[in-house]
Amino acid sequence: MDGRDSGDDTRGWFVPPPTQPSDLDITYAGALPSLAPPLRGRRIPPQDRQVWPPPPPPPEDDEGYSTQPFPIIAAERRPLPPQTPPTPAPEPAAPPRRGRSVALRSAGALLAVLLAVGIPTYVGYRAYVNGPGEADIVHVVQPGATGEFRHVAWQASVERIPDPSGKPELPDRQWVRLVITRTAQDAEGAIRHGTPKVELRDGAGRSWHTESLSDETPPDTTENRIGQQYRMELLAVVPPDVADTVEVHLRPSNYRSVPGQSVEDMLKESEQRDEPDQDVLRFLR
């Protein structure tokens, strides 16, 4: 350890030691380092060029001088293509005329509707208009017997049934079921397959409406078989005290469906026959 590390020396760390002479020149006296090597070649001083506004043209330029490029100008303007007038829109085509087949189908559908709905309604309307206030002609049928009228044989029965909806029975109401069979006795009876009007009546003259539940009668005359029974079921609600005594009153329809007959001929024939709608079959119990 040198003397600088002793505790008696109060001089600073960078102070030369006492053994070094104070008059010693420590300045560097050698040669200085060389500077960067000079660039070879001739250095051209920078030259600035004015861009905007354009400088005046040099003396040797007689046509002017500019830094802006000249626009490209076509030698001559090309002619525009000839314009054709707009094509007028075509007139809407007339709707195609319906052919004879469409007309025939429409006529056939109309005839079917008239046959199924219009003719029975028309026949019933004529009976209502031509016979107001006229009393019914009642044909009494004994219990269990068959009533024959206009080539058709009829049978009817009534029985108690529980409420079809499954609800508890009410003391003032009783459900009953009517079973009616229709049998054509000949070809004329097969033609007369219109739906009859059925209601229940008691001895006091009261009546109750019925609702059709099912009907096995074919709607087409050609499907009605002579001698075959077709079953119809109806429902009604009556007071319990008359459920075992009410009687079926059946009014046959005057409707006749002749195969191949036109509607015009059917209406004409109905007017010529003019059958009254007063006949009622009363089935005793």
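Placement of Cβ uses the backbone N, Cα and C atoms for every residue, glycine included.
Annotated compositional bias 'Basic and acidic residues' per TrEMBL: 1-11 (among others), in sequence order.
The region 'Disordered' annotation in TrEMBL covers 1-100 (among others).
Here TrEMBL flags 80-95 as compositional bias 'Pro residues'.
Positions annotated as transmembrane segment by TrEMBL: 107-125.
Away from its own ends, the region 'Disordered' (200-223) comes close to residues 116, 158, 176-178, 182, 190-191, 193, 230-238, 242, 245-249, 257-259 of its chain (Cβ-Cβ under 8 Å, at least six residues beyond either end). Summarising the annotation, TrEMBL assigns region 'Disordered' to 200-223 (among others).
The region 'Disordered' annotation in TrEMBL covers 253-285 (among others). Using DSSP to sort the residues of the region 'Disordered' (253-285) gives these counts of helix, strand and coil: 11 helix, 5 strand, 17 coil.
Annotation comment: TrEMBL describes 265-285 (among others) as compositional bias 'Basic and acidic residues'.
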